[in-house]
Each structure stands twice: as structure tokens, then as C-alpha cells.
Amino acid sequence: MASLYQRFTGKINTSRSFPAPPEASRLLGGQGPEEDGAGPKPLGAQAPAAAPRERGGGGGAGGRPRFQYQARSDCDDEDELVGSNPPQRNWKGIAIALLVILVICSLIVTSVILLTPAEDNSLSQKKKVTVEDLFSEDFKIHDPEAKWISDKEFIYREQKGSVILRNVETNTSTVLIEGKKIESLRAIRYEISPDREYALFSYNVEPIYQHSYTGYYVLSKIPHGDPQSLDPPEVSNAKLQYAGWGPKGQQLIFIFENNIYYCAHVGKQAIRVVSTGKEGVIYNGLSDWLYEEEILKTHIAHWWSPDGTRLAYATINDSRVPVMELPTYTGSVYPTAKPYHYPKAGCENPSISLHVIGLNGPTHDLEMTPPDDPRMREYYITMVKWATSTKVAVNWLSRAQNVSILTLCDATTGVCTKKHEDESEAWLHRQNEEPVFSKDGRKFFFVRAIPQGGQGKFYHITVSSSQPNSSNDNIQSITSGDWDVTKILSYDEKRSQIYFLSTEDLPRRRQLYSASTVGSFNRQCLSCDLVDNCTYFSASFSPGADFFLLKCEGPGVPTVSVHNTTDKKKMFDLETNEHVQKAISDRQMPKVEYRKIETDDYNLPIQILKPATFTDTAHYPLLLVVDGTPGSQSVAEKFAVTWETVMVSSHGAVVVKCDGRGSGFQGTRLLHEVRRRLGSLEEKDQMEAVRVMLKEPYIDKTRVAVFGKDYGGYLSTYLLPAKGDGQAPVFSCGSALSPITDFKLYASAFSERYLGLHGLDNRAYEMAKVAHRVSALEGQQFLVIHATADEKIHFQHTAELITQLIKGKANYSLQIYPDESHYFSSAALQQHLHRSILGFFVECFRIQDKLPAVTAREDEEED
């Protein structure tokens, strides 16, 4: 049981409180303490892989396995070959026997050489992945953040920091901003004006929530102009909530104190066009906490018309939303608190309205009319997208999130016309995705769920076309099948092609496809076999769809290349991340395997990470990593180097992930299974994955652990008390980072989406609590980690959990991060967090490794 010192000092997982992390070989009972001076040895170098363990598992110094291959003495050979009469030796027989032995030995040696994988020798020379690697420049993926600005040109940032304009057709480059200038301004973000005359920089940026921030902004003429501060007329040196260019010339807006300011061009005084804002209460053009985190998934809540003459913006009113306070314990004699509006399940939600203002001439503010539908008494606005310069598409979603109405609103009158309606018995998924419009706005493509047989609905492209002199639209499905379209990228009118990403290849992959929008809707994969060691792509097309930027995201090292749409031919590489490729080629990277398991008529994918030196004859600890947020995906062919990589590479663990019921991209039947049953079905599926792994001879059944963060922290807490077939605990230990422990304490939009409206029927909320689960803990080590100023999942969740753990006399440890937010923005804190988690599991696996020896000593003493 963790000591009181460990529980409350915050040092339970530091390098002083845990012994130095052992090598993978030590975790597996290989190198003994007496060999420490020899330095770490790779796992595969300790004993021949084919050598069987001697039964009883005991023997040799340091607890190392003994092997049955032993040399026989000369006397043994004499007795066997000659008999008991010494003078009568058969020298010829001895010579023949020795010759046979030599031949057999040579055959064995030859076989070992031929059958040993060629990589084994090189593996022993490679380094193991460490926590330091995660934060080193060698492993930092560079994303050029390329953005198309014309049919043939895009802007990107090179590794040295300079901002480059690249012409695809002429293959020429122009430096717009030197990297040194960005460094001198201490700028964190930059943006180029549409006419390429000015650059906008932000510096001294201070994060607010996941996406939002405040910062100082300056404007500078390209390439070498002096910076000039961007401020509202009434304030100098103001810290702004947002600033950004419009679609034309040098027009820009910025937001200060939740009010919107407009500037027609650089040098002209900004005018306040929206002035109803109230700090922390009424947001104009920006999201409040709930919309930023759960609905729009961005802090930006304003949208320019294509011609720059109008601006649509949301007004979000939090005045009736209950206030949460985030305490600050350090830096003052008395703790202080930061209040903000946070709606929990069943509480008052923010109200929202959508407005359009004209930017040419006198400001005219017009509110778009919401649907007149009794199911929409409370609603969210989940998507806004301009179709033309006077028409704007808006998606309205009921608070219960089971009814949505897509409308097309007239920006000159405020009248909204219904274009599509969707309804679900569970919840509506993927509600903030934007449709793609034709130039005249009469045709648009959007993704909707379509029935595809026994697996329920899958998300496919539908085209809606307005008919002349008719109020009814013609709707057709472009794609179909038991796979999902994950994103519509572009519509090429001149070629009648739609471009999109999908899971048609496999759910864990993302390939780029095109489909004809006429005739039989013929479909073609553009990215299949296009890039070596890459099956997970994203892409962006030039405005005319003649070229596209193709971003490989895995399983190999991410790259970015430019292609011609006509023949898919690669024109050039924009980024290859060779430094990362070199770094991982020098490391013992995990081996990745994929399997499927069967449970309750479902085939569920699992991902297994094994040490590079993996052998079937060794015994490895098993770590189950859970996420499982409904609609998410854990098993994907994406490149990542994380603390899990360190756990596998440096500490010889096997890591497994499973996409069970509630996960995305496998049909709505599997997705919606967890409705009003959070926790129970996920437990069943994750435990089935563990049971499958425990059948493998290379898994040590005494060293099994579970980890999760956020919703995954909820699941890891839910799973930890699980029992095996013999009613013994399956897990030796577990850890939860920022766990949700009671959904009535969490965000309204999230909890109500999956458990229903709180207050109408609370049984689903009560059943989902982890309190009734943790009372069944039987001595398993449990590490709970939480930041005290977590704005997303309040420390209140962990406080409630600890209360239950104390009542149940559980063996828990608590690690807090004082005054830190949910996202751990500091690299130093992230590094400490990773070390803490790794140290906990290394110690857990080491203790379990010693238990059999301790038991044996106790038995000897009793005898």
C-alpha cells in the first residue's frame, strides 16, 4: 500500500521516490542486480531465443532462467561408449562419436545463423526510446502548415522558420517573411493578407482554454516593414482575443472585450461594429467554454462572406449559466479563484443567436431566424458556412442532440429555409462538418448517415440540388457501402468530381478518393499505393482542384507532397522530416500488430505494440491503454512517438488498445450501443481484449495494468476492479489521468448526448458512476493524477473519487499539479507527467516480478 508520504507529497513518481527504471530484460527476469555495472543489455542478447526454460523457473544467480543444454564430462562418455572395463576402450567408436557430435554441432550453428533474423545484430546497436526523445528536436515532426492562396500558389513555413510563397506551375519560391524577423518579434502565430502586402503577428500569447488565447498583435509590411501595433481606438497596447484577415485585400477584424472591430485596410482606423459584448458573459464572434470544447470545437465563432462584404457572427450569452471557480493556490498568501460559466448536465445552457452585418456603408445587424419547431426550444448552432455572398448555411441541433435541421438563410432578410432534417433514436454524430457548395450555391454536398445493412448506418456523401421553379430539392447519394466518408475535401465543377477521405480500405486507414458526381458515380482511390509506408492521409486541394497537397500521417514518418490532380503524379516533396526518419532508424521502435476479436456478434479491432526485441519465449507485462470516447478511434495507422512507445521500447512491456462498442467508423449500430450504458459495454469489450492477450504464452499474467485519460480515465477506473475467471483481480495496477467520475458533474453537451437529459431520468447517470466500482478494489495499486485548475474535467471529480477510495480502504496514490490547466501547456510539466506515469508502471511491474520470490522465502521460513 502506498505510504501517506507518497499520497500527499506530490513526489510519488519522481526519480527519487522510484528506483531507476529497469531495462526490459530486468523486468523479464533477465539481468540480475549484480550485473548492473555491466550496463544495460538489449532484451534479445541475454539468451538464445530457442533455449527453453528449465521447469520450476528457479535457478541461477540473480533469478535467471537455466537452460537444459549442458556439456557432458569425459567420464560420462567413457562409461557409455566403452562399459566398465577401462583397458578395453573403443577408440574408433569414440572418434566416430566425436565426428558425429561435431557434424551435429556445426549443423546447429549453421541453422541458428540462417534462421536468426538479420535485424537482430543491428537491433543490439540501436538505442531505446526515452522520455527525453519525446521532447527532443530529433523527434519533432515539422508541419509546414501549407495553405492554398490561389489556383497555383500556396504559402508554407519551412523548418528554419521562414514563410515561403511557392508557385506549383513554375516551381519557384519567394521568401515572404524571414525566420529571423519572426524570432525578433517573438511571434507565435502569423498570417499573410490576401493581397500579400502585410503580415499579422501575435506574441506574448496566453492560453485560455483548448483553442482560445489572448495576445498582442502587430502588423508589418512585407518583407521588411516596421511593426505597428493593432489596437482598438480607445486603448493602446491592448491584449486582443482574436485578430485575422478577411478574404479580400487588407480588410481585417479583431475582437477586444468580446466586441468586434473592423478595419477596411491597414492604416485606416478600426471601427467597432458589434458592441454588445460583456467580458466572460456575452461573447460576440467567439466561443464560450462549452462551444469551444464540445460544439464548434474552435474558439472562432464568426464567418466572412466570400466577397468580404458581410460577416456572420454568433452571440453566445452565458448570463444564466452557473459559475464554476478555478482555484489558484500558489503565488499569494490567500488562494484566489477564476470564475467562468460552465454548464453541467441538467443545468442552464448558454443561449446562442446568429447575426449578419454588412461591412460596406452603415452597419446593419440582422439576426437569422431559427427553425420554428417545438423540438428546438433549446438548441445548439453546430455549423455555419457561406454558400454564396448572400446565402449562409446553418445547422441547428436540439439540446437532446437527436434532431438536426440544416437551413439556408438569406443574409439580406434573415429568413432561413429548411434544406435537410435528420433524427436519431440515440444521438446525432458529426454535426459540425461543413457542406461543400457549387459556385452558384444551388448544389451542395454533405455527409449523412445512410443505412447499410446489419452494421447500421454509415456516413456517405449526399448531393442536394435546387430545382428551378420548385421548393423541393433533389437528393442523391454519391457513395455507399459499409465504410465511412470521413471528410469532403473539394468539388471540381469542371470535371464533375468530388474529392474525399474515407475508410473504404480499412477502418483504421484514411485514403484519398475521387468520385464522379454524374452518371454511375464511379469512384477511384488516388492515394492507394502512392506513398511508401503510408495508409493514413489528409489532403487539401487548390481552389480550382488542379493540384493537391497530400499529407501522409502514418504509419511511416509524416511527409507532405504536392501532386497533380489529373494523373496523381507527385510534383515535389514539400516536407520529408528526414531528421525524424533518421532518429527512429537509430531506435528500437515497437513492432505494431493488428488483430480482430469477436464479442457479441462484433469483430473488434485491436492494436498490439511489442518490443523490437520481442521473442515468444520471454514473458512480458501487459498494459491496456483505453480512450473510448464515443465516436473516437484508438486503433489507427497513424505515426506517433509517445510515452507508450517508451514503455514498450525501454521497459519491455506489451501495449494493447481496442476499439470496442461506442467507438467510431464501424457503423452506427456499434457506436450507439453505449447509449445510456456508458462503462458497462466498454468494460466487456476491453476485458475481452485482455483475455485474448492473456492466452498468449508471452504475456505474464501477474503483471497486467490499465491506463486512461479523460474519458479513458473514467474507463480505466471502471476497469481496474475487474475479476478474471477465477474471481481473482485481472489487473495488478492502474492509473487514471484527469478522470471523469460522475457525468452529472461534467459538461452538459457531452453528458446529455450519451446519457440523456439529466433530471428526466437519472438512472443512466447513477449506473455510470464509478463509485460503486471502486469499492470492489482488492489491493490493486491505483495512481490518480489531476491538475487542480483543470477547466475541462474539474478536480471535483477526483475529490469525489478519493472520498470513495478512502471509504473502501483502497491502495491509491494521488499526484496533483497545482494551478495547472487540463492541457499541460508547459513542456517541463508534460515531461514530469510522462515520467510519473512510466515510473508508476515500471514499479508496479517490478513488484509483481518479485512476488513469487518473496512467497518462496516465506514458505521456507515456515518450514
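Cβ from N, Cα, C; glycine included.
Taken from Swiss-Prot as is:
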- 1-93: topological domain 'Cytoplasmic' (TOPO_DOM)
- 1-86: region 'Disordered' (REGION)
- 39-51: compositional bias 'Low complexity' (COMPBIAS)
- 94-114: transmembrane segment (TRANSMEM)
- 115-863: topological domain 'Extracellular' (TOPO_DOM)
- Asn171: N-linked glycosylation site (CARBOHYD)
- Asn402: N-linked glycosylation site (CARBOHYD)
- Cys409-Cys416: disulfide bond (DISULFID)
- Asn469: N-linked glycosylation site (CARBOHYD)
- Cys525-Cys528: disulfide bond (DISULFID)
- Asn533: N-linked glycosylation site (CARBOHYD)
- Cys534-Cys552: disulfide bond (DISULFID)
- Asn564: N-linked glycosylation site (CARBOHYD)
- Cys733-Cys844: disulfide bond (DISULFID)
- Asn811: N-linked glycosylation site (CARBOHYD)
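Within 10 Å (C-alpha to C-alpha) of Cys528 (disulfide bond) lie the following recorded positions from Cys534, Asn564, Cys733: Cys534.
In three-state terms derived from DSSP, Cys733 (disulfide bond) belongs to an extended strand segment. Under 8 Å, Cβ to Cβ, and six or more positions away along its own chain, Asn564 (N-linked glycosylation site) finds Asp546, Phe547, Met571. A count of other CB atoms within 10 A of each Cβ picks out Asn402 as the most crowded of the glycosylation sites Asn171, Asn402, Asn533. Note: the CA-CA distance between Asn811 (N-linked glycosylation site) and Asn533 (N-linked glycosylation site) rounds to 45 Å. Rounded to a whole number, the distance between the Cα atoms of Cys409 (disulfide bond) and Cys844 (disulfide bond) is 59 Å. Among the recorded positions Asn402, Cys534, Cys552, Cys733, not one has a Cα within 10 Å of the Cα of Cys416 (disulfide bond). Cβ packing within 10 Å was compared across the disulfide-bonded residues Cys409, Cys528, Cys534, Cys552, Cys733, and the lowest neighbour count falls to Cys528. In sequence order, Glu504, Asp505, Gln511, Leu512, Tyr513 are the residues near Cys525 (disulfide bond), counting only same-chain partners six or more apart with C-beta under 8 A. For Asn171 (N-linked glycosylation site), the nearest neighbour among the recorded positions Cys409, Asn533, Cys552, judged by Cα separation, is Cys552. Taking all protein chains in view, 15 other C-beta atoms sit within 10 angstroms of the C-beta of Asn811 (N-linked glycosylation site).
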